[in-house]
Every structure is written in C-alpha cells, then in structure tokens.
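K.L.:
Below is the structure I would like to discuss, written out as structure tokens.
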Amino acid sequence: MHTPKHAIRRMSKGEMEFFEGRCQRMGEAERTVWGTKWCGSGNEATSGIDLGYFKNLDSCCRTHDHCDNIPAGETKYGLTNEGIYTMMNCKCESVFKQCLKDVTGVFEGPAAAAVRKIYFDLYGNGCYSVQCPAGGRSARTGGCPNGVATYTGETGYGAWLLNKANG
C-alpha cells in the first residue's frame, strides 16, 4: 500500500510521547467502569487520590488495586499463578466484597452491586491465603517473610472457562 507524501509528517520526540501516552490512557479508560477511574483492568487516575464520579465505589477499587497479589505468570509465597489474570490475597477479596456491599446511593449503589456481581460471580478468579510456618514470624515486625500460599480455585464461571481454555 502506498501512502501519499502529504499524509506523512515528521514529529518531535515530545509530540510522539504525547500521542503514545494519549493512546495508552484512552485504552485504559475503555477498560474502566463508567464513573470510576480505578474499577476495571486499568486505571485512568492521575494520582493516588484521583477518584471518579462514584467516589465510594472508586475508593473500594483503588484500595483493591493496591492490595497483595500475584500477577499472571509470577510466583510469590511459593505459589505460581498459572492463570491469565492477577490472583489476589483472600483477605483483600473479603475486604473488597464488603466495601462494595457498603456503597449506597441511587446510582452508585447499583453500580457497586454490578461490579460485585461481575467481579465475584462471573470473573471470580479465586484467591490465595498465606500461612506462616510455626516460629516464622519476625519478632521485630510481626511479618511473615517465609509465608506459604494456598490457592482457593476459581469461583466464577468466566475465569474457570478462560483458564481451562488457556491451560
């Protein structure tokens, strides 16, 4: 295919970075729930305190996004995430579910209920629990540097089908 010369324009590195960033942000915005900046597979927030129109719902998603997790294909706590989605700590999932249940409002309440239904019932990737071996806690911090994780298994139909198809 031949591109006419009048359709080609050189651009500076700064212009190119601007357009690349804009395209990236547009792609991320399309993957977030309307009225939020944190709910979805990406985020469009400009900072950690930037929330969308549904502030309470968005706050739940922001907290969840920063929670303990194992990205797809990575290993942590001796557990390898062989799925195609990020696996979350079960404590985080429990807090997220309750946070979504606590969101009220004429529009925001039903939006939070929809996010909860899609995330836990359809997506439902499962989660992992971390146990600390006897005597494994740090006396100084109380942390468990050698924790061992166990996976709960998928809880939603969508994750089960996708992981089976790709595994």
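Indices start at 1 and increase along the chain as displayed.
Positions of Cβ are set from backbone N, Cα and C atoms, glycine also.
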K.L.:
Swiss-Prot has Trp38, Gly40, Gly42 binding Ca(2+). Which one of Asp65, Asp68 is in the same site?
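P.N.:
That Ca(2+) site, as Swiss-Prot gives it, pairs Trp38, Gly40, Gly42 with Asp65.
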K.L.:
Which of these, Cys23, Cys90, Cys92, Cys99, shares a disulfide with Cys60 in Swiss-Prot?
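P.N.:
Between Cys60 and one of Cys23, Cys90, Cys92, Cys99, Swiss-Prot records a disulfide, namely with Cys99.
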K.L.:
From the disulfide entries in Swiss-Prot, identify which of Cys61, Cys67 pairs with Cys39.
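P.N.:
The record-listed partner cysteine is Cys61.
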K.L.:
Of the candidates Cys67, Cys127, which does Swiss-Prot name as forming a disulfide with Cys92?
P.N.:
Cys67
K.L.:
Pick from Cys23, Cys90: the cysteine that Swiss-Prot pairs with Cys127 in a disulfide bond.
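P.N.:
Answer per Swiss-Prot: Cys90.
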K.L.:
Neighbour count, 10 Å Cβ-Cβ cut-off, for Cys90 (disulfide bond): what number do you get?
P.N.:
18
K.L.:
Quick check for the class: what is the C-alpha distance, in angstrom and rounded, between Cys67 (disulfide bond) and Gly42 (Ca(2+) binding site)?
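P.N.:
One finds 15 Å between the Cα atoms of these residues.
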K.L.:
Around Cys99 (disulfide bond), which residues of its chain at least 6 apart sit with Cβ under 8 Å of its Cβ?
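P.N.:
In sequence order, the residues whose Cβ lies under 8 Å from that of Cys99 (disulfide bond) (at least 6 apart) are Ser59, Cys60, Thr63, His64.
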K.L.:
According to DSSP, which of helix, strand or coil covers Trp38 (Ca(2+) binding site)?
P.N.:
coil
K.L.:
What whole-number Å value do you get for the CA-CA distance of Cys92 (disulfide bond) and Asp65 (Ca(2+) binding site)?
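P.N.:
Cα-Cα distance, Cys92 (disulfide bond) to Asp65 (Ca(2+) binding site): 10 Å.
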